[in-house]
Each structure stands twice: as C-alpha cells, then as structure tokens.
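Before any comments, here is the structure.
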Amino acid sequence: MAVWRTCLRSSSSSSRHRFSTLFPLFFSSISNPPPLISPSPSPSPPCFPPLRRFISSSPEFPIISQEIIIPNDDSSLPVLFVVDFLDGFHEFTGLPWWMIIASSTVAVRLALLPLLILQLKKLKTISELLPQLPMPIPETPTLKGSIDQFSHFLKESRAIGCPSFLWFFPYLSVQLPCFFLLMASIRKMSLDGHPGFDSGGALWFQNLSDLPVGSFGPVFPILIAAFHYINIQISFDTSTIRQTTGLTGLLMRYYKLYLEILSVPLFFVGYAIPQGSLVYWVTNSSVNIFQQLSLKHPTVGAKLGLLSQGASPSVEHSMEISESVIKYVDSDLKEHTLSLQTLTPEELLSLSVQVLSKDDKETSIQLLRLALEKDPGYVRGLVLMGQALLQKTELSEATKYLELAISKLLDEDPSDAEDVELLMLASQWAGAAYVQQGKMKSGITHLERVAKLKEPGDPKSKENYFEALLLLSSALYKEGQSDEAAKILRVVVEHNPAYKPLLEQCEDENELVSDLVSRRKDHF
C-alpha cells in the first residue's frame, strides 16, 4: 500500500506533464514513444497514448511495474497541433530548426496575402465611394437624429454598392491569432528543450532554447526594436498625418508617438525571450516590412488593382507653386518643373482643386485667376472661383463670379447632367452668399431655382440638392413664410428623416399662428 501511495503522490506532483492527444496527421513517423522499462516489453496499442511505468523495488514487492497515464504538458490543442506539424516538417525536410521556423513564418504570411489584397481592394472602393455618401452623424447630434442619420447613411451606401465597413477588420482578425499561435508554439518548444533545439540554430544563436547572452546577445533585441520602428514609419505615412487635421490628426500623431516609444521596452523584452522565438519574431517583422514596401509601390499597386482609376501620381503630396512655376515629385520620385503659362485652364483648375483641398485658398485663387485669364468664359472655373472666395468670406466678390457663371449656363439652356450640376452648385452657393449678406430675397430667388430642378440621381449631387432645399426652407422661415418653409422641409425629411425635428418646430409655429388668427376672428 505504501508503494501505491508513493506512486499516486508522484502522479499528482507531475501534473504539468500531460499527454498530447494529437497523433501525427501529416507525417506518420513523428511520434515514436520511448521504450517501456519492462522485462518483457510489449508494444503500446496504436489507439492509446504513450504510457509511463513506475518501478518500485520495495521489500514487499521485489519488482512492480504499473502503467499510469500522466499528462505531460499544459498546452492547448492548437499549440500542440502546430508543434506536431513543425516536428513532421522537420523530419520530412531535414532542415535545421532555425530554417524550419523562418520558412514556416514566411509560408503563413504568404498564405494570408490574398486576404490582405482582397481587403485593400475593398477599402479602395470604400474610399472612392465615401465622398458620395452623406455624413454618418448629423452636425448637431441627438440620439434619435443620430440613429436616423446613420440608418440613412447605411441605406445610401448600399444603394451605390459600397462594400461593408466590416472589411476594415478581416486581415487583422486572422493575422493576429496566427501570430500569437506560432509564437506560443515556438516558445513552448524552446522552454521545453524540444529535441534538436539545443543545436538547431546557426552563427551566434546555436542553442534555440537559450536566452540571448554573450557579446552577440544584443543582436536579436536590437533587430526587434529596429524592425518595429521601421514598420511604424512605413505604416504611418508622414504626409498623410500632416494633412489630417482636427481631433483625428491629433490622435494619429499621439498614437504613432506611443508606438515609437514602444521600441524601447521591446529591446529589453528581447532579452527575456528564447532565441527560437526571436528567430520567428525577426522573420515576421522583416517579412512585414518587405510586404508593406511592395504593396505601396505604384507598379505593384497598379498590377494588383490597388490604385484608384485616374488618380494623379502623388503630386498633391509633394507640390510647390511659385508665381509662375510649379515643382512636383512623381511616383518614381523624379522632380519636375513646369511653367504655369504652359498649362491649360483645365489643368490649372485641377491643380487648384488639389490646393484648395489642403485649405490653401490664396494659391487656389491664384491658379483660378490664371485659368480665367486664359478662358474668361470657363464656367467650371467661374463656379470654383466663387466657392473659393465664399470660403474666404469674400461674399460680394464671390457672388459676381457665381452670377456670371449662372448667366452663361442659363443662356446655353443646360441640358446635360454636368451643366445642370454646375447650375445647381452655382445657384446654391450664390443663394448662400446672399443670405449671409442679409439679402434674403436675392438668396431665395437663387435657391428656388435649385428647387425647380429635377432631383439628381447621383448620391453626391442629391446631397447638394437637398442641402440647397434645406437652406431655402431656412431663408423662407426667417422671412416669415412658415407654410412654404414647412412644405420644402417635408420634401427634405422624406429624403433624410434626421431633419424631422426642424419640420415639427416649423409646423408647431404654424399651428400657433393659425390658432391666434382664429381667436381674433372669433373675438370680432
């Protein structure tokens, strides 16, 4: 009995040794259980796990051999599967362990690459369609208004075929689990002194189970910190962060700084990780750098269909304009110099739009003036000049250009969609300029012209159309024409229910006025 108690205590004290229930799925020669210590050994049945014998030479029992199943590790099933697979790969190829780890890492990243490319294509489509969609949250958010506005946003996105916004997450949701699974598996092999790990390295890291030590010990920690820092610089494009303003830009800058600071603790963490895991980490980081640089290259992007159609080659990110010369760097990092006098009005207007998007109104107006000097009747240039001056709050001068554009469009009797859209924009901005100057009647005249146009089918043009109607209802309301304002607002609310509170406010005031009028009639 004492012997059996000893055996049971030995079993409970070895609880960390749990048997792996995984059998070799890829290579039948992976698991070769050690021979059992027995005078007459018999092979273990293939359907049962390997067993350990406890031998006692007690006076009561000269030789007692008893088979007891003891778990031999605490790893999860996925980790054990990866360990067995790497074992099979190692036996099949005969490669040293450091090459097994590195090649397995590259293979996993290559397997995930199609998913990454698909996600980037979906995100490219979203970025192209996003300007055509309304804002997901109203400017003055309320709970009901925000829900209605977001529902309208989703409805419009489905109408124009915009991919689901869940496409921001698929690659990350697969890549991160794979990273941590491989990391945990190789770490287990390193800490458990996996067979062959003590001599499976190369150069200064011969023993993959050891921590980095000696004169070459800092090599892996330095590589981990350096590759992390390089990945951050590639991921966060400096020009993009610089152009992103407001709270979003501030958060991006602080988040990038936080990730950069993490390079320092990562250096020290590298000293506490076995060299087998460090081989995996360095390989994964270097593959990530190569992958990012490749996908960002214009030639690769064009081959994979990741570049927007008709997109200008990063001129807006590296463009300098002087009084008569424009300097820019193309996608091949070659610097070019052009004279503004050689550019057509259309090219000058395109440059003006890019400059205006960076909030450089002065340079944008300078380019537009040059375009209109070359072609005084260039309607699109007149409309854009009015918009630029409107943004500078030069209302009086803005209305001059907008009125000129409207008169030219009306003289030509616009019929095609482009001219109708220009007439709608010019009338809307002219109406807004007059309303801001307090000239309500002139503003209402221009805005009513928009209301008489046919509702456009393009989502972005449709948003401009209903914004003009909303501005018209506001002007009518201020002029005391509440009935007309409510009538316009009903049309707007049918398109976007988020403006229903404005309609209710307008209708309540109409009911109050009608009630006062009826009381006066009853009194007389």
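A Cβ is built for glycine as well, from the same backbone N, Cα and C atoms used for every other residue.
Bear in mind that TrEMBL entries carry predicted annotations, made automatically and left uncurated.
Sequence-distant contacts of the transmembrane segment (95-118), counting only residues of its own chain at least 6 positions beyond either end whose CB sits under 8 Å from a CB of the stretch, comprise 86, 89, 170-171, 174-175, 178, 182, 186, 194, 196-197, 200-202, 205, 208, 276, 279-280, 283-284, 287-288, 291, 295, 304, 306. What TrEMBL records for 95-118 (among others) is transmembrane segment.
Taken from TrEMBL, the feature domain 'Membrane insertase YidC/Oxa/ALB C-terminal' applies to 97-295.
Annotated transmembrane segment per TrEMBL: 165-186 (among others), in sequence order. Distant neighbours of the transmembrane segment (165-186): 75, 78-79, 82-83, 86, 101, 104-105, 108, 112, 115-116, 118-119, 122-123, 126, 276-277, 279-281, 284; these residues of the same chain sit at least 6 beyond its ends, with a Cβ under 8 Å from one of its Cβ atoms.
Feature annotation from TrEMBL assigns transmembrane segment to 216-236 (among others).
The transmembrane segment annotation in TrEMBL covers 257-282 (among others).
Counting only same-chain residues 6+ beyond the ends of the transmembrane segment (216-236), those with a CB under 8 A from a CB of the stretch are 203-205, 252, 256, 259-260, 262-264, 266-271, 275, 278, 281-282, 285-286, 288-289, 292-293, 296.
Confidence annotation: the domain 'Membrane insertase YidC/Oxa/ALB C-terminal' (97-295) carries a mean pLDDT of 86 in the model.
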